[in-house]
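So the structure is just underneath, and the comments pick up after that.
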Amino acid sequence: MHAVQRQIAEQLKVQPPFADQNALQAEVARRVGFIKDCLQNARLKTLVLGISGGVDSLTAGLLAQRAVKELRESTGDTRYRFIAVRLPYVVQADEHEAQASVDFIEPDERHTINIGSSVKALAAEVKAFDGLPASSVDFVLGNTKARMRMVAQYTVAGAYQGLVIGTDHAAEAVMGFFTKFGDGACDLAPLSGLVKNQVRAIARHFGAPESLVEKVPTADLEDLSPGKPDEASHGVTYAEIDAFLHGEPVREEAFRIICETYAKTQHKRELPYAP
């Protein structure tokens, strides 16, 4: 393992590969326990998570639903619940898969909040967009969509006195592949430290369909590049990112891209600067 790989893996608290099924099961139990502890320590009863249709929110949702189910069983308190929220922007191209994810999770409650009108209303009021290239406006509004989705989740959580779950994991964190104060904002991040193939492995552990587990990851935030795969944005594959984080050899160009991107996005992984 290169010293830089070791340093980054330590900073992101990357978990080692699952040695076997027993190790995977133990990690699932640990993360479910973490969610339960967070909820009980906050003295709250509700968890809220936006379900996009990707494997990250699918896996986080499965962990959350198991956590509240176990809390109901162990405490006898039926008020513990998990709310899955669909947050489409106007019409989502992969809505069928998003609904399939919600159906498989079987959350206690499901809500749908369309963020389209909110994002468009805000965009119409932003004079700073005047004269900007369409591509720049589209990119900024992509981040606005992510932030509006988190606003919606916190609104639901506020109404039900709950905590918001995030879906960030090590393979996204190392690339800074999240919107600051958007999908990067949450009360608890139960996938933290996992690489992408571990997130998929946990989804499989729950019996999730392969069509959802292996769905091509996409943030799908930009109107001018609908459904753009994450890996096209990264310039490297998730397999290469996972290998890098686990200290395995990767091609020279992938090593360079990951290291440079990690350094460039450091501000996204830190709290606001203060004097």
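Cβ atoms are placed via backbone N, Cα and C, with glycine included.
For G50, I51, S52, G53, G54, V55, D56, S57, T167, K196, T218, the entry in Swiss-Prot reads ATP binding site, with the evidence type sequence analysis. Annotated Mg(2+) binding site per Swiss-Prot: D56, E172, in sequence order, evidence recorded as sequence analysis. According to Swiss-Prot, the deamido-NAD(+) binding site annotation covers R147, K180, D187, H267, K268, on the basis of sequence analysis.
On the structure: features taken from Swiss-Prot.
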residue	record	contacts (Cβ under 8 Å, 6+ apart)
G50	ATP binding site	S57, A84, V85, R86, L87, R149, M150, A152, Q153
S52	ATP binding site	L87, A98, S101, D220
G54	ATP binding site	S101, K215, P217, T218
D56	ATP binding site	T167, H169, E172, L191, V199, P217
R147	deamido-NAD(+) binding site	T179, F181, G182
D187	deamido-NAD(+) binding site	C38, A42, A157, L163, V164, I165, G166
H267	deamido-NAD(+) binding site	K180, Y273
K268	deamido-NAD(+) binding site	G176, F178, K180, G184
According to DSSP, which kind of secondary structure is E172 (Mg(2+) binding site) found in, if we only use helix, strand and coil?
helix
Of all the binding-site residues here, T167, T218, which one's CB has the most other CB atoms within 10 A?
T167
I'd like the number of other C-beta atoms within 10 A of the C-beta of K180 (deamido-NAD(+) binding site), please.
17
Please give the greatest C-alpha separation between any two of the deamido-NAD(+)-binding residues R147, K180, D187, H267, K268, in angstrom, as a whole number.
19
Please classify the secondary structure at H267 (deamido-NAD(+) binding site) using three-state DSSP.
helix
Assigned conformation of R147 (deamido-NAD(+) binding site) - DSSP reduced to three states:
helix
Just counting, how many other CB atoms are there within 10 A of the CB of E172 (Mg(2+) binding site)?
24
